[in-house]
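Asks: What TrEMBL shows for this protein is this:
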type	residues	note
DOMAIN	3-291	domain 'Glutamyl/glutaminyl-tRNA synthetase class Ib catalytic'
MOTIF	8-18	motif ''HIGH' region'
MOTIF	238-242	motif ''KMSKS' region'
BINDING	K241	ATP binding site
DOMAIN	367-440	domain 'Aminoacyl-tRNA synthetase class I anticodon-binding'
Amino acid sequence: MLITRFAPSPTGLLHIGNARTALVNYLFTRKHGGTFMLRIDDTDLVRSKKEHEDAIIEDLKWLGIKWEVFARQSERLDRYELIKNLLIEQGRLYECFESAEEIEVKRKLLLSRGMPPIYDRAALKVTQEQKDQFKKEGKKPHYRFLLKDQPIKWHDLVRGDVAFEGSKLSDPILIREDGSMTYILTSVVDDIDFNITNIVRGEDHVTNTAIQIQIFEALDAKIPTFAHTSLFKTKDAKMSKRTGGFDIRSLREEGIEPLAIECLLARLGTSMAVEPKGSLEELIEEFDFDKYGRAPANYDKLDLERLNHKIIFHMEFAKVSKRLKELEINDIDEDFWQMVKGNLNKLSDIKLWWKICKEALEPIIEDKELLNMAIELFPEGDIDDSSWGVWTKLVANKSGKNGKALFMPLRQALTAMDHGPELKHLLPLIGRDKALKRLAGGVA
């Protein structure tokens with residue numbers, strides 16, 4: 001059976017790029033009737049925070065992403081210690097005593113010579129006597145994994161055939177000086193123990209995959225199938241977890257619908273058009289790795305906002321009614337919803353429309369002479385979206401006013417506000433009687 005996992009580190013809020021990884025894993029798993037696992041990679045004891053873990057879980061649930069298996073790496077430290085000792089016994093983990101500063105000097109020297117910054121394995125030449133002396137001096141070792149000098153190959157569901165030479169990779173640090181394990185090791189141990197069959201993640205992990213394949217082999221484990229999706233970029237730069245404004249929590253607070261986020265993320269980096277869907281199930285049915293390309297995926301928040309508008313427009317009132325109650329908006333009926341839904345960019349916008357159109361307002365009267373002309377010239381017959389333009393043109397011609405001098409007094413009288421939704425859409429909903437009363441200065 002297919003088993004996948006999403007493994008966020010709780011060092012911050014759920015970034016939209018990581019949310020895409022979670023979603024792609026989820027869609028792929030559900031498409032093939034598999035099991036989905038959420039694993040919290042919290043071995044970085046300094047940066048990992050419980051509040052971040054709670055926020056990630058809450059945001060995933062808000063997106064409708066559900067899992068059958070849950071694990072937390074900080075609760076599996078004894079297991080990692082066993083594997084550490086096994087790899088030491090095999091001669092695949094070796095002690096290193098260089099400081100971070102010494103390693104950085106070596107790295108910069110290699111780069112200055114136009115050479116790849118591959119670790120020189122100097123630690124393998126250190127004698128046991130020297131190691132004992134280092135320890136007496138209070139130096140603590142970190143441990144590197146000894147890569148074999150052999151080709152590393154796999155077939156990637158997105159990138160196709162991928163190949164690395166072990167000799168061109170740097171032996172990775174698996175155990176830090178403080179004894180904590182790095183993601184590279186703990187991830188492999190978990191993937192083995194939880195029988196993960198498919199690993200889906202961003203292409204920034206491709207080199208990690210080459211290294212981890214050798215760790216799988218060292219532990220005599222079956223190697224999962226890999227898929228590395230292209231990274232996001234904006235018009236200006238690559239997106240990062242540390243770049244503000246790209247987390248799911250911010251989008252939630254801005255009123256972006258979960259389905260809008262999913263419709264966008266499910267199609268970015270694919271050959272399929274981004275379009276609104278009625279449910280997550282539709283995205284599951286249409287999911288196909290063959291549609292994914294290697295070019296960077298372009299993320300534009302304006303696309304998300306436009307999609308959000310379309311998602312809201314197609315919402316059935318039964319669903320909307322429940323959501324409105326969650327937002328503590330209780331007075332909206334289906335007739336009003338049908339009239340205003342095409343003008344909403346986010347669901348909470350409806351509260352302002354209801355207030356302006358249905359509640360009693362005390363108008364702001366700034367130019368009584370202009371408003372009297374407006375009353376006199378108010379259009380006869382049915383009021384529709386074209387009425388505003390016809391009416392204001394007549395008022396402008398008679399008063400000689402235009403721009404802010406014309407529109408601000410009308411807005412203040414009709415809505416008791418300086419800013420708000422377009423008046424051409426509001427006027428038909430306010431209605432003739434209420435509009436005329438407000439223009440005359442009455443509460444209506």
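Placed from the backbone N, Cα and C atoms, the Cβ positions cover glycine too.
In TrEMBL, annotation is done automatically, which means it is predicted and not curated.
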Asks: Using DSSP, tally how many residues of the motif ''HIGH' region' (8-18) sit in helix, strand and coil.
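Replies: The composition, in the requested order, is 3 helix, 1 strand, 7 coil.
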Asks: Can you give the mean pLDDT for the motif ''KMSKS' region' (238-242), rounded to a whole number?
Replies: 53
Asks: With helix taken as DSSP H, G or I, strand as E or B and everything else coil, how many residues of the domain 'Aminoacyl-tRNA synthetase class I anticodon-binding' (367-440) land in each class?
Replies: 50 helix, 0 strand, 24 coil
